[in-house]
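Among the features that TrEMBL reports, transmembrane segment is placed at A:28-51, A:72-94, A:114-138, A:159-181, A:201-224, A:236-266, A:286-309, A:321-345, A:357-378, A:468-485, A:505-529, A:601-623 (among others). Look at TrEMBL and you will find A:60-570 tagged as domain 'Cytochrome oxidase subunit I profile'.
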Amino acid sequence: MTDPIFGRLDLSSFAFVRAFDNPTVSELIGAGAAMAVVLGGLAVLVILTWFRLWAPLLRVWLTSVDHKRIGIMYCVLALVMLTRGVIEGVLMRTQQAFGLHGGFLTPDHFSELFSTHGTIMIFFVAMPFIAGVINYVLPLQIGARDMAFPVMNQISLGLTATGAALVMLSLVVGEFSTGGWANYPPYTGADFQPGPGPDYWIWSIVLAGIGTTLSGINFAVTIYKGRAPGMSFLRMPIFCWTVICASIIMIFALPPLTVAALMLAADRYLDFHFFTNDLGGNMMNYVNLFWLFGHPEVYLLIIPCYGMFSEIVPTFSGKRIYGYMSMVYATMAIAVLSFCVWLHHFFTMGQSANVNAAFGIASMAIAIPTGVKIYNWVATIFRGRIRMTVPMIYVVGFFYLFTVGGLTGVMLANPVISYQVHNTLFLVAHFHNVIIPGVLFGLLAAYHYWFPKAFGFRLHEGWGRRAALLWIAGFSFTFLPLYWLGLQGMPRRSVTFSDPSFQPFMWLAFFGAALILSALTCICIQLWVSIRQRDRLAAPLGDPWNGRSLEWSIPSPPPAYNFAVIPQVTQRDEFTDAKATGRAYAEPEAYEDIEMPNNTAIGLIVCVCATALGLALVFWIWWLAALSFCAMVAALIGRTFHTETTHIIPAAEIAADHRAWLARVGVAGAVNRLDETHERNAGLAIPERPARAEPAE
Amino acid sequence: MSGGNLHPGLNLGDHHGKAHSGAEAVVFGFWIFLMSDVVIFGLVFASYLTAANPMGMAGGTGPAEAFDLGSVFAQTVILLASSLTFGFATLALRHEDGRRAIARWLAVSLFLGLGFLTLEMRDFAHMIEVGAVPQRSGYWSAFWGLVPLHGLHLAAGCLWIVVMLAQMATLGLVPAVKTRLLRLGLFWHCLDLIWVAVFSIVYLGGLMP
Amino acid sequence: MTDRQRETRMYLVGFGLALTLTLVPFALVHWGLMQGRTLAITIAVLAVAQIAVHLRFFLHIDLSRQKREDLQLILFTVLLLAIMAFGTLWIMGNLATRM
Ligand code: HEM
Ligand SMILES: [Cu+2]
């Protein structure tokens, strides 16, 4: 029986109480993590109150519908979650380093760790980070004032934050699923895990997933309907093309996840038989549905990162991207192919060899467009004006390591090989090998590249280099040994092992994990140092890297309305051409009033209601579930009765701001590329044609 | 229809000025949402088909004892009629017949929608009586995951009509209200479209001799 | 004929076609006029036809130049849905025969 008020929430749900009753190392680590969440939360509250930051936080950030602020909030969320995810990864590596016949964690705790680690890294690090960068950069690159649906954008952020909050809360109350990031039934069904764990997974994924689908719609409509005049599809920067593909995946690949998770919820809550062992349930269909989402999902992660590399490589090589059209076709091909290969995640489930062969061949085919891209980037760098700044260090690490990961992927696409290494550490090595050098390096490079745009000062180079090199070394030491362990037959997700010959490789991996942890520390130090030295690193004029696309043609940070006057686009790499022909930094003929959306609290309200709803569902507190759901619907409907949703920024104000910036540009000293990382670089570049003429298209 | 179509569905037309041009992005976005929703339904249909066999039925009640073809036929005709009346509401909006006329057709559609839901509830009650409940088998789980999903969508559509009636009364026919009516129309027609798949696959497929 | 009349007639024609395309399969099943595979295929064809009618007459999707974006979106959705749904049926059917 459950309590009518508290549902199945009771004292033993709290990690502290569990650790008090049963003080093992495992429980104490759990309580320590819970303590970190609680203390972290309290610290934030105290700091906000002490420095009287509540009002600005609410007014400037949490109620903002500005795509730039929303993008930054996504990135902050992702970095916070990244910290937790990395700590969990390092903890697992530590356990396994000591894991010969034992270790210090219980099997259940270890299972919870890889489940939360996987879920967090995919859904609450990679996805929000990508959503953040897209949000920030996309409207600037296509010459728009905001997303197509700014308020919905805020709601998407709110729902993503809800999912992350639920995963964080699971540290303190109840426990998370032990079923891995894919949460396969029947093990996650009510028969085997009656507790709240899988329910946390379900609701955090479903709620965040709705936010992601809405984001996909927003990005797609922004690109289709919001481009500046003259910005035809084939003049868009490659990053925008990758966003189209990513939004296609967000729109069409999230539904299978939602369906699978809600069916699992029906099994768990209402005793349905979608995936149960008995009465005609079919758990294989869950696997099928999950990977219908899962495979496109990994491409949703990597494709925008390809786009980020495609912006960084030309900029720091001083050349236009090589093979624009082939890049576009390759991106589209990857997006569509990514929907045709999902079965390679379950070659061993029992279907006939013919089915396996078909999906194996389709999977290998993806290597072709991916190879095209790699060659294009290499050709872009070739004989370019190369600067080995921090983003370029990540790019080089990406080239080498991602190629290894891609090749092991082609190996795994062969069903015969997959039968051998399925479910071993070989697979763990493979997917980290594409995800860390591909997605994470891409995002960290993008963070460096666009940070000065967002905040008006550059990030500290020295600490950035240290972090980048440590990431590359740390990744290599941590994950390359796992290929060998996997080939030797060490299963993934094992808390202990019994073969002493594994031991040295475990220690190597442990050493690598320590390097990764120091890489993360360097990133934190870098942020701190850069903020302290922001005056010396300032680049407010907007163009620190001699950029090629429109976002570099405006001040840093950009005004709320982005462009004083919407630019007229004449070609690809518009800003490079504008600088070369002297069209850049020109005073427009006339300024006009600009209509911008008003701030609103609806995203915040949705976030609070959805978090309450998720918790209520996890702990069977039905009254709260009904209440929060109704409150959310009422708030959303109520919002539609508002008619005053925009305000006007007068032309005079815009003109004054814009002229002040132009005046500063006029007196500033422009720097050449040798001084890019020097104090002198205030964001005005000497337009520099590459030594040899750029080939005509 | 004359030129100047900016988006799927019936357009307001140039004589609506800003409401017409403003509808372009919003309706296009809604159309994308509908396509995403269609994929959701498609996958639930596929899951239903994988369970529609003796293994999935696990020896329980079959469709023949549980379905009532006459009632399904009535539901189908009612829903189709509501699509027509909703079309008339959109026409009244496009040709500026005024709030009254629009509200009248919306009310008729709402009435038909509620009628559909009533009949559907009666069918469900009958199914529960004969033991065709989701707890019985994978097949009935798949059925109850699919058909009520359509019903829930329709209920949401009814709620939306009510909200729109209230907004027409309080805000008048401002551009935002007009584009919402256009989107609601797309939603309503799409649900009818999905119902075609429901009655063909689930009901006719289940009762095939 | 005015625009208004033409548009009204369009809805009425759509309604008539859809009603016919509904009546036929219901009649076939009710009176058992066809059996097995033939019936299944007939129902499927009629359903697809009716969906096309809904798209054309109620949702006003056509092949004219202006609305290409929407048509592309529909076709793309159909493509992906076909991959996902038929893939699911293929895989799950194959698994079922091997149990
Ligand atoms: C940064 C350092 C990282 C470390 C040290 C690390 C470590 C680990 C470890 C030890 C496991 C468990 C392997 C096993 O099953 O035995 C794991 C699993 C996993 N990791 Fe990571 N990881 C890191 C980064 C990432 C990133 C960036 C992502 C994705 C964006 C990621 C996604 C996953 C996923 C999806 C799993 C599978 C979880 C499951 O088994 O269900 N990891 N990781
Ligand atoms: Cu895959």
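Each residue, glycine too, has its Cβ placed from N, Cα and C.
Any TrEMBL annotation is an automated prediction that lacks curation.
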Counting Cβ pairs under 8 Å that are 6 or more apart in sequence, does the total for the transmembrane segment (A:28-51) and the transmembrane segment (A:159-181) reach three or more?
yes
Across the whole of the domain 'Cytochrome oxidase subunit I profile' (A:60-570), what does the mean pLDDT come to? Round it, please.
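Per the prediction, mean pLDDT sits at 95 for the domain 'Cytochrome oxidase subunit I profile' (A:60-570).
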Check the transmembrane segment (A:72-94) against each of A:159-181, A:321-345, A:357-378 and return whichever range has the most CB pairs under 8 Å.
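So the stretch in question is A:159-181.
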For the transmembrane segment (A:286-309), which recorded stretch in the set A:159-181, A:321-345, A:357-378, A:601-623 gives the largest number of Cβ pairs separated by under 8 Å?
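Most contacts with the transmembrane segment (A:286-309): A:321-345.
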Select the range from A:159-181, A:201-224, A:321-345, A:357-378 that forms the most Cβ-Cβ pairs under 8 Å with the transmembrane segment (A:114-138).
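The stretch with the most contacts is A:159-181.
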Counting only residues 6 or more past its boundaries, what in the same chain has a CB within less than 8 Å of a CB in the transmembrane segment (A:357-378)?
306, 309-310, 313, 321-323, 326-327, 329-331, 333-334, 337-338, 340-344, 347, 395, 399, 402-403, 406, 409-410, 413-415
